[in-house]
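*Asks:* Quick one: structure below, then a few questions.
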Amino acid sequence: MNHPFLKAVPVIEKLEKANFEAYFVGGSVRNYLLQREIEDIDIATSATPEEVKRIFHQTVDLGIEHGTVLVLFENMTYEITTFRTEAEYKDFRRPKGVTFIRSLEEDLRRRDFTMNAIAMDKNGKIIDPFAGKRAILKREIVTVGSAEARFKEDALRMMRAVRFVSQLQFTIEENTKRALIEYGYLLTKIAIERIANEFEKLLIGEGSVQALRLLVETRLHHHLPGLAEKGDGIIRMTNYQLDKLSLDELWTLLLFSCEISVINVEKILRKWKLSLKQIKQVKLLLSSLHNRLHNEWTKEQLYRTGRENIEKVERLYCVITNRNFSSIFKWLSQYDRLPIKERSELDANGKDLMEWLNQKGGPWLKQLLAEIETSVVEGNLANRKEVIKEWVRKCNRS
């Protein structure tokens, strides 16, 4: 057993000392078996939340109505959840209630996929009543029991399945895949924020190409904002090299591949409930990308776009045109040689202009500053106060 679990063994031992069962469960055990990085360690126990709180001094009621208590122990935090069964689900999202039980197997039975329904004791012994280890060895995603029942309980599990295809580079077992096709419409019952969270994890996964193709194959894309009629565009996106792109770049490439115009970006991404900051960023990248595909950068465009976004747009350009990334360095070098990077670096300001021309402020001031800014950026005017002053007076005389 490796280091993260070893640090958590005393937590399990404290529960056992109080005559309760306790096991490592969920994604941490799955990742341990896959030899992947382990992030959060979750523990399942026969102790009720109140019993857990009596055993540990520092706790937070994280989701106590569902049996989960956050325990702070030796500078680490652990989610400890009571073995439970769940009542009938409502709205295809959440159970009407939970019942605390003393059976580990019954607790594992309620989980989504067999690879996530594995427990491990403090000595590293695996408890695997639903053949999750076999599914991991086959690199296959299989629901615990009936796929229909699992997806009707929580329709988000369908997006999780495809997300795991991307993250783990697994395939989906045939019965599970058929259920994705049959019950995909239930995604309309799920809050779009939850779907977007899974979709973004899908986009940045190592197996995103495989996962995006699966979205189309299972027709799940029919239930995603703005993508219902964009199956061909999603497939087109999978022909590009995706592994070098950031999340914002991937959103931009998706919209580009689906031939969604810049004017419609905001409307579609608002439906995904993305932040206004992210929407603005993707809109800028898509607009700049269209310009770049038809023209080389001008000095003015480099200046207005900024270093970070030049790199993003140029990387997208190289991916779409199947070029190597050397042009990124070329254009960043051009940007670095610009005389100024923002208006505040001008060696003259509005106060100077009003003084030189003996005029009060007004619309003319903003316009003249913009003209000076452009002339300096394009190299037609030196960024020195006396030179700018002479240029302004000359323009005023003419």
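Using the three backbone atoms N, Cα and C, a Cβ is placed for every residue, glycine included.
According to TrEMBL, the domain 'Poly A polymerase head' annotation covers 22-141. TrEMBL lists G27, R30, R111, D154, R157, R160, R163 with the feature ATP binding site. Sequence annotations record features per position, and here TrEMBL assigns CTP binding site to G27, R30, R111, D154, R157, R160, R163. Under the heading Mg(2+) binding site, TrEMBL lists D40, D42. The annotation domain 'tRNA nucleotidyltransferase/poly(A) polymerase RNA and SrmB- binding' is assigned in TrEMBL to 170-228. Feature annotation from TrEMBL assigns domain 'CCA-adding enzyme C-terminal' to 248-392.
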*Asks:* How many helix, strand and coil residues does the domain 'tRNA nucleotidyltransferase/poly(A) polymerase RNA and SrmB- binding' (170-228) contain under DSSP?
*Replies:* 43 helix, 2 strand, 14 coil
*Asks:* Can you grab the distance from R163 (ATP binding site) over to D40 (Mg(2+) binding site)? Cα atoms, rounded to a whole Å.
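*Replies:* Between the alpha carbons of R163 (ATP binding site) and D40 (Mg(2+) binding site) there are 18 Å.
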*Asks:* Give me the DSSP three-state residue breakdown of the domain 'CCA-adding enzyme C-terminal' (248-392), ordered helix, strand, coil.
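*Replies:* Each residue of the domain 'CCA-adding enzyme C-terminal' (248-392) counted once, the result is 105 helix, 0 strand, 40 coil.
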*Asks:* Kindly report the helix/strand/coil residue split of the domain 'Poly A polymerase head' (22-141) according to DSSP, in that order.
*Replies:* 33 helix, 43 strand, 44 coil
*Asks:* If you count CB neighbours within 10 Å, which one among the binding-site residues D40, D42, D154 has the smallest count?
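*Replies:* Lowest Cβ count within 10 Å among the binding-site residues (D40, D42, D154) is D40.
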*Asks:* Can you tell me how many other Cβ atoms are located within 10 Å of the Cβ belonging to R160 (ATP binding site)?
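*Replies:* Result for R160 (ATP binding site): 19 other Cβ atoms within 10 Å.
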*Asks:* Pop the Cα-Cα gap between D42 (Mg(2+) binding site) and R30 (ATP binding site) into the table, whole Å please.
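*Replies:* Between the Cα atoms of R30 (ATP binding site) and D42 (Mg(2+) binding site), the distance comes to 11 Å.
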